[in-house]
């Protein structure tokens with residue numbers, strides 16, 4: 001008779017322990033119920049990127065002096081600079097400039113070391129394509145400014161500022 005009583009007591013203790021664990025999980029769920037959502041509904045909501053965000057590179061053809069500093073400081077020698085030496089004025093003339101964003105690691109060295117500031121980082125981060133050859137941008141594609149998502153009325157922008165805790 002005693003083994004039956006101890007089994008019944010063990011069963012009761014296990015039931016109480018299971019109910020306590022379920023209650024703890026339920027309390028955690030309820031504590032998260034009144035918080036704001038962490039995720040955003042992309043592409044209908046987009047984050048406003050920070051000021052120092054390193055997105056697609058913007059290139060100004062008229063400012064470039066074809067010095068190839070960007071190629072030398074790039075860790076993967078990515079920018080392709082084609083130029084021709086003009087003997088009458090003894091200067092380089094830029095013919096073609098291209099960057100393959102499928103290979104680019106967006107380190108920002110080319111922008112930082114450019115002596116004429118013809119390169120700059122934009123806030124554009126939507127570079128996905130179905131064909132990797134479309135990621136090879138020439139000077140015309142690099143010269144296009146990205147469309148601002150702030151002016152698009154169909155997209156709700158969300159400012160991503162860190163909360164300051166006191």
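Cβ from N, Cα, C; glycine included.
Source: prediction; values computed, not measured.
Here is what Swiss-Prot records for this protein:
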DOMAIN    55-84  domain '4Fe-4S ferredoxin-type 1'
BINDING   64, 67, 70, 114  [4Fe-4S] cluster 1 binding site
BINDING   74, 104, 107, 110  [4Fe-4S] cluster 2 binding site
DOMAIN    95-124  domain '4Fe-4S ferredoxin-type 2'
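Everything Swiss-Prot records as a feature, shown here on the structure.
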residue: 64; record: [4Fe-4S] cluster 1 binding site; DSSP class: coil
residue: 70; record: [4Fe-4S] cluster 1 binding site; DSSP class: helix
residue: 104; record: [4Fe-4S] cluster 2 binding site; DSSP class: coil
residue: 110; record: [4Fe-4S] cluster 2 binding site; DSSP class: helix
So of all those binding-site residues, 74, 104, 107, which one's Cα sits nearest to residue 114 ([4Fe-4S] cluster 1 binding site)?
-> 74
Intrachain C-beta neighbours of residue 107 ([4Fe-4S] cluster 2 binding site), sequence separation six or more, cut-off 8 angstroms | 54, 74, 75
Inter-residue Cα distance where the pair is residue 70 ([4Fe-4S] cluster 1 binding site) and residue 104 ([4Fe-4S] cluster 2 binding site), in Å = 12
Winner by Cβ contact number (other Cβ atoms within 10 Å) across the binding-site residues 67, 70, 74, 104, 114 | 70
Rounded distance in angstrom between the Cα atoms of residue 70 ([4Fe-4S] cluster 1 binding site) and residue 110 ([4Fe-4S] cluster 2 binding site) = 4
For residue 64 ([4Fe-4S] cluster 1 binding site) and residue 110 ([4Fe-4S] cluster 2 binding site), determine the Cα separation and express it in whole Å.
-> 12
Which residues, in sequence order, are found in the same chain with Cβ within 8 Å of the centroid defined by the Cβ atoms of 74, 104, 107, 110 at the [4Fe-4S] cluster 2 site, excluding those residues themselves?
-> 57, 70, 73, 75, 76, 78, 79, 99, 105, 106, 108, 109
Any idea what the Cα distance is from residue 67 ([4Fe-4S] cluster 1 binding site) over to residue 110 ([4Fe-4S] cluster 2 binding site), rounded to a whole Å?
-> 12
Could you name the residues, excluding 64, 67, 70, 114, of the same chain that surround the [4Fe-4S] cluster 1 site, i.e. Cβ within 8 Å of the Cβ centre of those residues, in sequence order?
-> 65, 66, 68, 69, 81, 110, 115, 116, 118, 119
Once near-sequence residues are set aside, which residues in the chain of residue 110 ([4Fe-4S] cluster 2 binding site), 6 or more away, have Cβ atoms under 8 Å from its Cβ?
-> 57, 69, 70, 73, 74, 79, 119
